[in-house]
């Protein structure tokens, strides 16, 4: 094997990319014109575009989740934030005399984003300020948030008629769906902020050891609060997108299980749940893999709920491949084996007081 | 000795007298008493003993599931799959009974076996491959939920005579009654209390939750215990599913969504530390009762939206997590 092939195969993104390509190509068996793109009425259409457009909310949420996981945290409340923000925006628009008025829509969007930031800040303060285990701290909002969303929508589905609001989820700008552009913008912003500035390294150092980072002069607390705010923001935008796409808000079902899909996307993308090194590009690939899987299953004609089985399979395989014990037992390697499992490093994480 | 020192030493002795370990449970118990008292004062007919018994009849499945969850959380783990396993159990039993016409007893055994095997497999993955419980049980959650929809995407009602008879059975207690779901949950409770307080296995569960490394160095059977708690949780979820079908007489693939959150909330409100090592099954029972009484009060109130249940549970979670933190800080200083 030449050095170049080794370098390509050894790249962290090699396996996610391979999986995505295989999935996409396998779609050719079911629909011949899977890769065809066409422009109708100045709008771009095609299966690939559909995958990107439907995957945009997941890409957003997963990007936010990646930075949270990079600091060794987790955010379970994103699904609830999606439901609350969508509910609030739709509720505000539904109370307007003219549901399509631009000012009303802009106010609704700003209110939604503002609320998302506040909810993210709440999570951040619980985790970094008070020092509660992230999984538990965000569990509070996950439970209460669903109730809040149901209260905003009054246990019903709010339906609105507002083409201006619908634009966020289903509109086109420069022939490309607007949702894709928004997701792209946020992802680019996140990549620039974390890779072109020192922020990414600070995130990784906080994820590696928050206390050591603090002693080294990094404001670990502030960074931790910031990532939860960013994650809340991403979830909020996704919430606007999801509710705009269907022109309605459903407090019970909107964003249901999106936190799990987002975590799955992060894991597929090669970011360790223990924190430290992270890859936003990997996460985007992971989100696309999940979305392609969903679309493929729909194309084949299997009930969409069966996607869960495939997800279970994927998450099991990915986790096994990442587990040092599994690799040591079942995968022969030419290189010397990796050092024994990082149990000592893991133990303090478990013992963070709650 | 200055007055400050005297005050400090008095405060310290006061704190020593307060049972720090049982404090969260006592607070929960006081809260339950308070809510029950408010209910009696506010609503006509709330004092009826049947209302209290109904807490166990209506929440029997939650209690069974939460007891299984207590075992897992005591070891410092978490089981997200319980809601899906409950749904899977209702689906398997209803489809086998109604569509295949199997014997009800055979169905029960099979369902319990499926739940236990799922739990066992998850426990093995968690222990042998050292993957976080969170992500393994997440996969289990997807798997069980997906299997539900493979069986059927519609809800299936149960018409089997034996099953319906069990569901309708009422054990008379004077003027009041208990259902099989309440009886089953109370039996599970008794067994769980005995196992955790009086057996070697119970001690091992607490030891692993306290420090897995120390437990390993002490030569305790860590592997066996860890896998066993997930198996117990799987078994309890399957049993919870069966109990749920007694209550609803149907199986539904979309049923029991979010049940894992209720179970975790009940365990935390019951005073069990989510980091493991400290807590009581009896606390979990009080936690389930608190969740149940919130629901009852909202039913009695009439015009309150059911979304309040979730909000109140969230607030209680917050309060109890803060309380746990304060207690832990108090112990350390």
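Cβ atoms are placed via backbone N, Cα and C, with glycine included.
Feature annotation from TrEMBL assigns transmembrane segment to B:23-43 (among others).
A Cβ distance under 8 Å defines the sequence-distant neighbours of the transmembrane segment (B:55-74), meaning residues of its chain 6+ beyond its ends; these are 82, 86, 133, 178-179, 181-182, 184-186, 188-189, 192, 196, 205-206, 209, 229-230, 232-237, 239-241, 243-244, 246-247, 259-260, 262-264, 266-267, 270, 272-274, 276-279, 281, 284-285, 287-289, 291-293, 295-296. Per TrEMBL, the feature transmembrane segment maps to B:55-74 (among others).
Taking Cβ pairs closer than 8 Å, the transmembrane segment (B:105-128) reaches residues 77, 79, 81, 85, 88-89, 92-93, 96-97, 136-137, 139-140, 143-144, 222-223, 226-239, 241-242 in its own chain, all 6 or more past its ends. For B:105-128 (among others), the entry in TrEMBL reads transmembrane segment.
TrEMBL lists B:134-152 (among others) with the feature transmembrane segment. Residues 78-81, 83-85, 87-88, 91-92, 95, 118, 121-122, 125-126, 230, 253, 260 of the same chain lie 6 or more positions beyond the ends of the transmembrane segment (B:134-152) yet place their CB under 8 Å from a CB of it.
Taken from TrEMBL, the feature transmembrane segment covers B:173-196 (among others).
The feature transmembrane segment is assigned by TrEMBL to B:227-249 (among others).
Sequence-distant contacts of the transmembrane segment (B:261-294), counting only residues of its own chain at least 6 positions beyond either end whose CB sits under 8 Å from a CB of the stretch, comprise 21-25, 27-29, 31-32, 35-36, 39, 55, 58-59, 62-63, 65-70, 73-78, 82-83, 189, 192-193, 196, 206, 208-211, 309, 312-313, 316-317, 320-321, 324, 328. If you look up TrEMBL, you'll see B:261-294 (among others) marked as transmembrane segment.
If you look up TrEMBL, you'll see B:306-323 (among others) marked as transmembrane segment.
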The transmembrane segment (B:227-249): which same-chain residues, six or more beyond its ends, come within Cβ distance under 8 Å? 58, 60-62, 64-65, 67-69, 71-72, 74-75, 77, 79, 81-82, 85-90, 93-94, 108, 111-112, 114-120, 122-124, 126-127, 133, 137, 157-158, 163-164, 166-167, 179-181, 184-185, 188, 201, 205, 255-256
